[in-house]
């Protein structure tokens, strides 16, 4: 059975299968074509997994990584490097070298001249406001530009002079000559080239005219031999222009554009423009902030690459627009970490426990499983001592029977250690508990109490003598509403508790936790060492997801 046989079926795969069976194509060639004007986000992950996944599944198939870099004003080499890094981290390899649309600028220019010579394009001198007015609306047809029927020779001359830098930005543009009465606004003599005196990260200052996306994209696909050009549904009304350009130039390859629904995720914003604003207003620290929906942000937060790929596989590929529950993504992350993350103990909101009947000069090295369901991971050693820390939420002076943790006058088991009983509390002047004095049953290490009494609760702990101080960053969704994109004012729907920072302790064995190393902190959640701020001298752990789904109400 081949990978194609086991891959989930969808309408795009059905089209590809039909094209292969009919002999229309012998080899499938796709591409992932981001614009380098920001970081990739979870929405891009769906396209990455689709395009590169097809190349992995079909025999001899290829997938290019191409940067659609036609707007030097917004693009940057740093974004190029970040995108490359994200695609690699997700586990994909592109065919051959990286491609850039700017690699084809000379050929694109020649194709533009061909259109002019065929009287399919003309140089227009309308300004931006006039162009909008002449275009009309969905309710009214447009009207021809006064420059639409200028002589071919004149347009050729002006276009050459545009390239030579003789005209100011906004004073001239090259437009396709299609149909100003078309019901599709994209076909009303769209702009093919505009003047931009801007430094380009690939071509430097060689060019001062730059092709528009709709002109560049289809030709780049054709030049690279792309068979199936896959894009999201907002490009559906661009397809007639895609086909028109290729039909009117001398190029053999005619890729087929196919649209699929974009990924919309609850409580998540994927507009690059709005994400830029969050950074500019210092609401978010950077593109890789763990609260961001970017691939690098999710990586820093601790999402495994495999869990993102699995999520994209589960949501599938359709033409139906919908919004996916954030819980679905978190479930994929949780399943991966449950199976693979080593266990450790961490106390995030510590209060000291003193075990009065334990020798103050004694410590014990206790053995604990690294993973309770995977013996192959082995064991770890944890230090037990007279003074330990427990989480403040794991103690109450009074509680009902449902509270299965430590209560004054009652017993609880310490994970991987002994049964203890709370005998006394010490408080400061503000009435806050500073110490809990307990006694332990020395016969209960790995055993139930010998007299048959039942101890139901189990809590985690960390030695107060051997530990590592740590900062814990507890993350929640950045927005309070399911659809933040619909909010008139983003500031009003920001979650003030999207990041809560706490300070506590972890087992001493975590002092050398590597960047992005994932752990299940028992009874607390899944965490990873921050890939920017954590070091042996200052441990910083990001909470990736809670232990359980909290979205069910």
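Using N, Cα and C of the backbone, Cβ positions are placed for all residues, glycine too.
Among the candidates 70, 227, 232, the residue that Swiss-Prot annotates alongside 35, 36, 37, 41, 42, 43, 44, 45, 46, 47, 262, 263 as binding ATP is 232.
Residues 34-44 are the range that Swiss-Prot records as motif ''HIGH' region', among 1-11, 12-22, 23-33, 34-44.
Ranges compared are 254-258, 264-268, 269-273, 274-278, and Swiss-Prot records motif ''KMSKS' region' for 269-273. Sequence-distant contacts of the motif ''HIGH' region' (34-44) (same chain, at least 6 residues past either end, Cβ-Cβ under 8 Å): 67-69, 71, 74-77, 79-80, 82-83, 86-87, 201, 213, 262-265, 268, 270, 272, 275-276, 287-288, 292-298, 308, 329.
Ranking the binding-site residues 35, 37, 42, 44, 263 by the distance of their Cα atoms from the Cα of residue 68 (L-glutamine binding site) places 35 first. Broken down by DSSP into helix, strand and coil, the motif ''HIGH' region' (34-44) contains 3 helix, 1 strand, 7 coil. Using CA atoms as reference points, the binding-site residues 35, 37, 42, 46 were checked against residue 213 (L-glutamine binding site), and the closest is 35. The ATP-binding residues named in the record, 35, 36, 37, 41, 42, 43, 44, 45, 46, 47, 232, 262, 263, extend over a maximum Cα to Cα distance of 20 Å. Its Cβ taken as reference, residue 42 (ATP binding site) is surrounded by 23 other Cβ atoms within 10 Å in the chains shown.
In this structure, the binding-site residues 35, 68 were compared by how many other Cβ atoms lie within 10 Å of their Cβ, and the smallest count belongs to 35. Sequence-distant neighbours of residue 46 (ATP binding site) (same chain, six or more apart, CB under 8 Å from its CB) are 262, 263, 312, 315, 317, listed in sequence order.
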